Structures are given as C-alpha cells and as structure tokens.
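Single-structure report; data block below.
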Amino acid sequence: MKLIRLAFKLIYEQKLRNLLMILGVSLGAMIITASQIFIASIEESNEASVKDLFGEIDLYVGHQLNLSHDSRIPVSDDDFNQIRSLEQVKELTPVSYPYLGMEIEYDLHDEIYVGFKNEPLAYETTMVEIGVQELPGAAEVIVSPAYAKLNNINVGDVIKLPFPPKEEQQVKVVGLSDDREYLNRILLFNYDWLESVTREGPNMLMLSLDSYRSKQMVAEQIHLINPDLKIDFLYEADEQRENIGGLYPILTALNVTILIVSGLLLMSILQISMQNRQHQYAVMRIIGASKSKIFQLSLIESFIIGSIGLLIGIVVGMIVPLLILMNSISFADIEVTNISIPWFTIIFYSVIYVVLIIVSASIPAMKASHSPPIEAYQNTSKSHAIYRIKHMYFMIAFIVCVLISLFSILINHAMWHIVSMIALFSSMILFTTYFLHYGLKISIFLIEKFRNDHFLKLIPLNARRQMQKNKQIAVILLVSVSISIIGFTTLDSMRKTSIEQLFNLNPTDYKLTEMAYGNERIHSNGFTPELFNRLIELDNVEEHSLFFTKPLMWLTVNLPNQAAGLYPIEHSDSLQALVRITGTDIERLMKTSSIIEGQEDINALTANEVIITLSAANAMGYNIGDTVEVLNDVNNEIYYLTIGMIIDHSMMLGDDSEFTLLLNPTQMKDLFGVVNHSELLIDSTDSKLIDQKTLEFVINDLNLQQEVTIYDRYEAVNDFLAQYNQRMIILFLATGFMIGLSIIGLMNNSISSIKERLPELSILRAVGLSKKRQTFSLIIEGALISIICGVVAVVMSLWISVHLNLSLSSEIISLPFQTSFVMLLLSPLIGLTAFIVPAIWASRKDILSHIK
C-alpha cells in the first residue's frame, strides 16, 4: 500500500506530463473501442440485409447443383440423416430440381420446375418469394406474374404442364410469386408430388447453420460423410458480406498501428519521466530502497496512469458510437439499423493494451532501477550523454539494403519484395539516431553556408545534445508518417487494380442488350442494325465499338476435347459443347486483338471460315483447318464451319469467348439468315464521355425502348469508389490520430528538455537574448526535428511503396506523391505545434530564479 500511495504522490507531482500520457492512452483506447462497436453494428446490419437477400440458407449440398454437374444421383436417405445430425446444422430441407441439366434434352428452356416441402426453411430461399401464401399442395403450382401474363393464366385455372419423360399433368394455379425478374421462369410445386411425377430423391439439400462462419467446418464433415457430395457455399452471399469484409484488414491494421504507436509513446514518455526522476530514485536507493522496489514503484505508477487512460478511452469510445448510431446511418451502402457491442473483442483489446502498458513501462523501470545511485544523485542525466556514430556500420547496412532492393527488383519475386520492405522499414527505425545526426549536421552546414548566424547554429547543436530524448520521439514520427504513406499506397493500388478488373468485366462505357431473357431471348429476333449505324456516327464514339448479331446457341457434333463437353447427344456416347455463333465487324474487332495463326487478311476468309480466339482453340481443341460440325436443334441439320483464323483474346469478347465462333455479318446473313443485333458495345473517346441521354434519344427515336436496355459500367465503378472513399476516411482518421500522438510525444519531450535547460536559457536571457528570439529558437528546434523525420519517412516510404506495388504484381507503379508532399508540409507544423506552448511558457519564467 505504501508503494501505491507513493506512486500516486509521484503522479501528482508531474501532473502535466501524466495528463499527456493519459490523453495518449485514452485516445488509442477510444478509437479501438469505437471502431469495434461500429464494425460490429455494421456487420450485424449487413447480415440482416444478407438474410433479406439470400434467406437463411448457408449451403446447398447434393450430387447435382448446377449444369456442370452431370450426375443425376439423388441424395440418399443415409446421407440426409447424417447431415441433419451434425451439430452446426440448425435446419435442412430437400429440394427437387428434376430437370436440372436436362433443359435441352426435354426442351424446357422457358420453365424451371422446383419442388419444396412445406417447411420453415423452404420459405427462406430466394426462389420462394410468395408473400403470406403457403407452398402448393399436390397437383398445385405457383407461377410468376410474367408467366401468367404470357400464357393468359389466372389464379384458380387448371392448366396442363409437361413432365417428361412421363405424361402431361393437370395442375391448379393456386397463387402468384412476387413480381421479380429472376422469378419469372420458376414454377413452384409440392416436393412429394413433383417427385412422384418426375424422378425420386432430392437433387440437393438446403442447410441453415448456426453461423455462416461454420460453412468450412460443416463442408469438411460432409466430405467425410460422402466425398462425392458437392457443396455450393453461396459465395454471392459471402460477397455481400465482403462489402464490409474489406474493412476488417483496414481496421485491424489501424488497431495494430494504434497499439504500436501508443506503446512507443508510452515508452518515450516514461523513459523521459524516469530520467527526470533519477534524483528521487537515487535518494530512495541511498536510504535503503532496493532495485526491485524502484522497479515495482515505476511499474505501479505506469499501470495507474495507463489504467486511468484506458478506462476513460473505453467509456468515451462506447458513448460516442452509441450516440451516433441512435440515428440510422448508411455506411458502404449498408443501412446501419442495429447496435452491437462486441464485449469479447473490447475486453481482448483492453487486455492487450494492459500488457502493452506493462511491457512499455518495464524497460524504463528496469533502467531506472539499475541506474547507479551516486551518479543519478549528482544529476548526470543521460539525456546529455555523448552518443557515438559508427559511420562504417551505417554505410554497410545502407549498402546491404540497396543491394537487397535491387536484387528483388531484378528477379521481381513477391517474397524478395517483402524481405526488402522489412529490411528498409527496420533500418529506418534502427538507424534513427544516424538520420537525426546527419540531418542536424546538414542543417548546420546550410546555416554556415547561407546565413552565418551563431545563434541559429545553437538550434541544431541543442537538438544534438538532446539526442536520446529526440530519438525516442523521432521513432514515433517516423512510424506514423511512413505507415500513413504506405497505407495510402496500398489503398491506391487496390483502387487501380479493382477499377481495372471492373473495366475488364465491362470493356466499354455502355453495353446495350436485348430486354428479353431466358428462352424468350433465345427465340427473339433481336433489334435492328440501324441502332448501331446511328450510334457509331455520334461524336465521341470510339472506333473499336462493336455489335454482335443475334447468336445461335448450337451443340457441336465433333468436339475434339471431350473434357470441355457437358451435353450428350443422341446416338453418341460423346459429350459436346454448346457454342455461341455470332457475327461482328471483324475489322473493328481487330483494333483490340491480333492474328495468331491462319489467314493473315480477314478479307481472305472464305464463306464458311470462322474465327476463334486462342482460349477457344485451347478449350475446345480445334486448330486451323479443322471443321466444326454444329447441330441446328430445330431442323436437326448439321452445318460445317472451318477454322480459318485464330486471334488473341480481345477485351471486347469478355470472358465467354472460349465457346464462341466469330463470323462477319455477311456470313451470318448468307449462312443462317441472321441480320439483327443482340448486343452493342459502345465506348467513348478519351476526349469526352458519351451522355447516356444521347443513347436513350436514339433508342426512343427508333422506337426500341421496349426492346433494348442500357448498362453503364460507371455505376459499378462509382459504387466501388464510394466504398474506397469510406476506407480512405478511415485511413485519414488513423493518420490524424498518429500525428496527434506524435504531437503529444513531442510536447512531452519539449517540456522535459526545456525544463532541464531553463538555467542555460536564463543565462542567455541575462546576457541579452530577447523573449521573442528565445521562443523562436525553441520552436524552430521542434520544427527541425520533425522536418528531418518527415523527409526520412517520406523517402523510405516511397522506396518501400515501390516494392509494395511490385509485390502486388501491379503493372503501374502507384506512388502517393501528393500525400507525401502533404506530409512534408505537415512535418514542420507538427514540431511547431508541439513546441510552441512549452516555448512560450519558458519565455515567461523568471530568469533570476533559474540561474545557478
């Protein structure tokens, strides 16, 4: 108890310095606590929106989940019961999807038959959007409003539907699903009845788990039950969750940075505090206090200060977000309506903070307890100790870093880039004293060169005298500035990569397509070529803009690569591919591609010669001169097309070019009688973006508003940029916080340094130094230290950023020069802000009371 009382007494003696320490700890704890509450609330709200979009379904399990799965084996009763008994499986229900993969075989392109049991989980799937209605019973069906309108059906009607290979069945329409486009083709039946008229057993099971985080664990258990079962993880739902998932690495990095900078700040302040208290500790040692008592006293003092700051930070960090979240806000396109306090995470970070406080306090406490009492009593402070500069060690280390950096750039391997980044960052921290020393020597040289003022020379000389204290604060400044710049580099690189991916998915500014869908689109006539002819004449339309004629989706008959085949054909054991035969302006297409093999002149292609991409040749196995036999499923006629040219992949063809046969418009007309278009890719020139209203005017003028729809790629880009900007705001807040901690550390350093130098300053004042000039010299000293740190941090961060870009395989090196320039401008302001108050305080002191 005596040690605790003494610790409180010592804390009270240095109120200002300890208030700064409490402020630093509380700021860090506040940001960590608030960020955890915000992210937990956003996550809970986002999960609610995911459930609205995708229901309670977490996994689909079965032998046949999509068209690529050719197995028609149902899920067995034994597998069903074992999966249901898994601990993490909350609910499951079977689904009958009898014609999955048989659409071509039974000509069921227009309808999708799905059977569900009348169980709670069935109502959670997005295929069952029927309001307050119940699922149909035996010989009953629920259809979409679009299907009812197309077939002139009303609720209560009895209709005939095909159930191949069995006979047609009469079913009663008992309701309509919600009017949503993706439900237009879905017909809902009773599971048991649909099974009785088609095929037995469920295609798949729908599982609801105790948490979506259990997906991987349950999948592994299902694999042990039956390794042949396939699993759909519903990644589209996870992608929705990743809308905020991208925040986790940023917030985690923010929290780790806060902990590191707070730890450095605590260590620096405590180190300076212990140095200033050496006289008191020396007296305690002389009168009998042991080293362990001094160590315990220092730890208790630090723990009390840290605990007060931690408690204040947690309380404020909880109150602020709760006040903000009382009103509904939107973040990353998520309406935050729920408030969640993640107690475990807050306690976890609090424990880490306590450990950090103890560790940060242990080093200064150990030094204080082991200081020789006589030396400490005589006030030989180590803050003025002469430091040694071993130039050879620094040069060797610098050359090693340069060599590692050049080697990693030459071989361009991610691992070596990471090694380079670690080496550069470590050298920046380990050689802080050298950077300060050389920076101060350069400033002395510049003063002598351009303004030989002996008073100004005292500023860098005084900074060198306080090297041990300045070094501790310089580390915080270096870490803060460098992490901020590296963070901006990372986000900017992510931005460029993501936008590039979005542009690859949507290669042109606008895509105009038919409004029809499904089987209706397959059998539609497309729209008139006049639309493209009008649009291509508009100003600012790029020359490589393309059209694609109405495609023919036909099966091959002689597919060389059987691994690419998915569909069986009659009188053959082989599997064939469904190819897309379409016409386009080959000359325009070649502006974004190049010829790899075959005819060197597109005009030399014969009437039945077609073009495929290299990826299509590799996927299907066709080569130059091979004949592609395709089957017209309407009249069972086989068409023979010859591979005349293989071209490189073009961004205009998208990702589905592996099964595309390209012809020119004349060939499509002469061979298949196809003239109309199905899709237009319209790109703008670099000078000006085409206004969407211009496209709409031409569409309306041709009376195509009911046939053509427009997709604008910049909508997706704008959505991404909105999320990117929110992440940038987080990084700006983190940067501001780290700069704030740096200012606190510098201010503490300046207070300690100026208090030690009050006798010297008083003598200078006595011999004629004015208050104004004294204040100016102290402020410039702080600015000089922060400028040196800023320059070093910017240079090293840009160097590290080069390796960061290369490690991410970026084609363009993204360096945040603007951010770096802003940091350079802010650097002197940091020093000025930290030193101005202590400098003014020192100028108002009575000089006689401090002259020894």
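The backbone N, Cα and C atoms fix where each Cβ goes, glycine too.
Please treat TrEMBL annotations as automatic predictions, because they have not gone through curation.
Features of the protein shown, as given by TrEMBL:
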type	residues	note
DOMAIN	19-222	domain 'MacB-like periplasmic core'
DOMAIN	256-373	domain 'ABC3 transporter permease C-terminal'
DOMAIN	734-845	domain 'ABC3 transporter permease C-terminal'
TRANSMEM	20-39	transmembrane segment
TRANSMEM	247-270	transmembrane segment
TRANSMEM	303-329	transmembrane segment
TRANSMEM	341-363	transmembrane segment
TRANSMEM	392-411	transmembrane segment
TRANSMEM	417-440	transmembrane segment
TRANSMEM	473-491	transmembrane segment
TRANSMEM	728-747	transmembrane segment
TRANSMEM	778-800	transmembrane segment
TRANSMEM	820-842	transmembrane segment
Run the contact check on the transmembrane segment (341-363) against the transmembrane segment (20-39): 3 or more C-beta pairs under 8 Å, excluding pairs closer than 6 in sequence.
yes
Close approaches to the transmembrane segment (778-800) from elsewhere in its chain (Cβ under 8 angstroms; 6 or more beyond its ends):
405, 420-421, 424-425, 428, 435-436, 439-440, 443, 456, 459-460, 462-463, 470, 473-474, 477-478, 480-482, 485-486, 489, 742, 746, 750, 754, 815, 817, 820, 823-824, 826-832, 834-836, 838-839, 842
If you average per-residue pLDDT over the domain 'ABC3 transporter permease C-terminal' (256-373), what number do you get?
74
So how many of the residues in the domain 'ABC3 transporter permease C-terminal' (734-845) end up helix, strand or coil by DSSP?
96 helix, 0 strand, 16 coil
Among 20-39, 303-329, 473-491, 728-747, 820-842, point out the range having the most Cβ pairs under 8 angstroms from the transmembrane segment (417-440).
473-491
Below 8 angstroms Cβ to Cβ, which residues of this chain, lying six or more residues outside the transmembrane segment (473-491), approach it?
253, 257, 260-261, 264-265, 268, 425, 428-429, 432, 435-436, 724, 727-728, 731, 734-735, 738-739, 741-742, 745-746, 749, 785-786, 788-790, 792-794, 796-798, 800-801, 804-805, 814-816, 819-820, 823, 827, 830
Please indicate, using numbers and ranges, the residues of the same chain that are 6 or more beyond the transmembrane segment (820-842) and have a C-beta under 8 Å from a C-beta there.
477, 481, 484-485, 739, 742-747, 749-751, 754, 758, 761, 774-775, 778-779, 781-787, 789-791, 793-794, 797-798
